[in-house]
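*Asks:* The following feature annotations were taken from TrEMBL:
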{"type": "BINDING", "residues": "Asp102, Asp104", "note": "Mg(2+) 1 binding site"}
{"type": "BINDING", "residues": "Asp102, Asp104, Asp156", "note": "Mg(2+) 2 binding site"}
{"type": "COMPBIAS", "residues": "575-591", "note": "compositional bias 'Polar residues'"}
{"type": "DOMAIN", "residues": "10-203", "note": "domain 'Poly(A) polymerase nucleotidyltransferase'"}
{"type": "DOMAIN", "residues": "208-361", "note": "domain 'Poly(A) polymerase central'"}
{"type": "DOMAIN", "residues": "363-535", "note": "domain 'Poly(A) polymerase RNA-binding'"}
{"type": "REGION", "residues": "550-612", "note": "region 'Disordered'"}
Amino acid sequence: MATNSVKLLGVTPPISTEPPKLPEINATKGLMEELRKQKTFESKEEGRLREKLLGSILSLVKQFVYRASIAKGLSEQASREAGGKIFTFGSYRLGVHGPGSDIDCLCVVPKHVMREDFFTIFEGMLRTLPDMGEIASVPNAYVPLITAVIAGVDFDFTFARVMAPTVPDDLDLSDDSILRGMDDQNQRSLNGSRVTDLILHLVPNVDVFRDALRAIKLWAKRRAIYSNVNGFLGGVAWAMLTARICQLYPSAQAAGIVGRFFAIFSAWLWPQPVILKKIENGPPSMQLKVWNPLIYPGDRAHLMPIITPAYPSMCSTHNVMHSTKSIMTAEFRKAAVIVDKIMVKSSNDPAGGDWSELFEKHDFFQSYRYYLQIMSSASGFETHKKWSGTVESKLRQLVMKLENAGEAMLDIAHPFVKGFEQVAYCLNEDEVRMAAQGEATEEMKARSKESIEGKEAEGARAIWTMTFYIGLEVKPKQPGDKTKRKLDISYPTNDFMKQVKMIDTFEEATMGIVIRHIKNVDLPEYVFEGSAKAPPKVLKRIRSTKTLKQRTRVLPAQGDSTESSEQPTKKRLSSYVSETSTPTAFQSQVQAMVDPSLPQPTADAASSYASAEQIGTPPILAGTVTDGVAVDRAT
């Protein structure tokens with residue numbers, strides 16, 4: 001079929017430009033109906049509120065630049081002309097945000113306004129807004145930001161200063177020269193907006209891309225694999241994966257993109273990278289570090305590289321670990337089977353089949369026999385926000401330490417994608433200690449803020465906690481192995497606690513951290529809110545499990561003859577590893593089509609990359625590799 005009417009984009013030609021057939025058209029109708037049923041679209045009223053708030057934020061940023069300029073000694077006129085501008089990015093800029101979604105907002109200022117001004121002057125101005133709710137700053141984050149809730153809408157404010165005395169209203173961030181003279185933090189802040197805009201320019205049909213991405217995001221959140229900080233994929237990575245499928249099938253409708261998304265990425269030959277456009281080295285006068293596994297050892301270590309299209313190209317998935325990679329791959333395969341059934345049914349169903357099964361919620365808290373419970377505690381809400389954010393940002397390090405320490409016995413260390421926040425209003429120091437250890441009574445939890453007012457002299461105060469979970473999948477014993485095994489996790493947990501306490505702002509008197517190992521039958525009731533129903537034996541309160549400081553962290557391995565009678569079943573509760581180690585029929589067919597002339601991924605990621613030429617322009621023939629996945633033109 002001629003392709004001159006189809007917009008062709010990407011590093012390779014499309015796999016197919018054929019128009020969608022009836023099953024795909026019907027399935028798209030069903031998908032869009034399900035997305036509306038799942039309330040993934042915001043109302044017109046909420047949309048107008050967001051636009052109004054963004055207008056107010058723009059005025060606030062200009063006022064911030066003016067105040068900072070006056071403080072630096074600039075004249076009144078120069079301060080007025082210094083300008084300032086905001087750029088949205090992330091889901092809002094991509095047009096796939098829904099009710100309750102946050103807005104990522106980049107504040108761009110001239111060169112004389114410093115990051116310290118952002119966290120003092122601008123944050124102070126935000127606090128004076130009449131509709132301001134919660135607000136917290138994270139100046140030491142990889143991308144420093146201020147989080148705030150304004151009129152019920154969540155904002156994430158980032159900061160970037162351009163090397164110019166003014167920021168005009170028509171400032172264009174797509175020009176690479178804007179990066180000249182910037183430090184790494186400013187480059188990373190600008191990268192979010194530059195990448196988002198470029199993604200929209202690299203897809204053949206923006207409406208189809210948005211509908212498909214909305215479905216992929218909903219699926220990833222329901223399956224609890226949407227979290228960059230915890231080693232899964234973040235919003236920009238999911239967007240780039242979806243955009244790549246749109247490039248390969250430029251005429252497809254949303255359901256076709258979703259189906260091929262799961263089919264292709266369940267068999268992707270990682271660590272071959274996913275790229276949307278040829279990686280550019282930039283102008284000779286501005287040699288910034290660009291992702292290149294042939295040069296940089298750190299880039300060779302990336303397990304699922306998904307590369308940003310804007311210069312300088314970076315890996316958006318450097319946080320992915322062996323465990324999270326296995327989990328996501330297994331979820332891709334499960335989803336591929338579900339969507340395949342939907343497409344088959346859509347052949348005879350004008351309504352497009354039932355998509356609800358694809359968006360079923362995760363079963364994380366029913367999937368493992370053993371869990372690590374990591375609880376941060378703090379006195380004061382703002383201290384709690386910063387401390388819990390620090391602990392969460394370092395959980396990935398704990399998972400990697402667990403993977404290394406338990407390599408012989410541990411299959412999976414599965415971090416859950418969010419923490420559970422609680423507050424206890426304590427009347428005395430004894431209750432404070434109980435709350436900080438995660439042992440707050442129901443009476444303490446039921447109290448209100450007013451119940452401790454005026455009693456501070458007696459030791460009354462609020463203790464905020466955030467609790468995170470990591471599921472542990474222990475390898476089964478080999479047939480005939482009667483030895484008793486122990487999984488000692490004392491070193492990685494102790495090392496992790498030392499690491500998080502090394503931050504400059506840590507205060508022993510107001511911050512704490514406790515790590516416990518617990519069985520699934522001892523999980524607290526609150527973890528099952530918003531997830532699948534718990535098995536009957538699980539709905540118990542946590543008993544007096546000792547903290548890791550009080551006992552040796554040793555777990556009996558699954559399959560041991562000394563298993564506790566509290567365990568609801570002797571068979572393994574998680575099937576992630578068994579699924580990822582056994583190729584499906586689809587995978588077997590895919591592997592048979594791989595062109596042996598191209599370098600294929602091996603156990604050694606450092607030696608498994610194709611050359612730069614092969615990465616950029618692999619051949620597209622029937623049954624060969626495209627960007628690291630074997631595909632057939634007939635699909």
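Here the Cβ of each residue, glycine as well, is placed from N, Cα and C on the backbone.
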*Asks:* By a simple count, how many Cβ atoms lie within 10 Å of the Cβ of Asp104 (Mg(2+) 1 binding site), its own Cβ left out?
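*Replies:* Its Cβ shell of radius 10 Å holds 24 other Cβ atoms.
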*Asks:* From the centroid of the CB atoms of Asp102, Asp104, Asp156, the recorded Mg(2+) 2 site, which same-chain residues not already listed sit within 8 A by their CB, in sequence order?
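*Replies:* Surrounding the site, in chain order, are Gly90, Tyr92, Ile103, Cys105, Thr147, Asp154, Phe155, Phe157.
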*Asks:* For Asp102 (Mg(2+) 1 binding site), just count the other CB atoms lying within 10 A of its CB, please.
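*Replies:* Asp102 (Mg(2+) 1 binding site): 16 neighbouring Cβ atoms within 10 Å.
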*Asks:* Write down the Cα-Cα distance for Asp156 (Mg(2+) 2 binding site) and Asp104 (Mg(2+) 1 binding site), rounded and given in Å.
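*Replies:* Answer for this pair: 5 Å between alpha carbons.
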*Asks:* Rounded to the nearest angstrom, how far is the Cα of Asp102 (Mg(2+) 1 binding site) from the Cα of Asp156 (Mg(2+) 2 binding site)?
*Replies:* 7
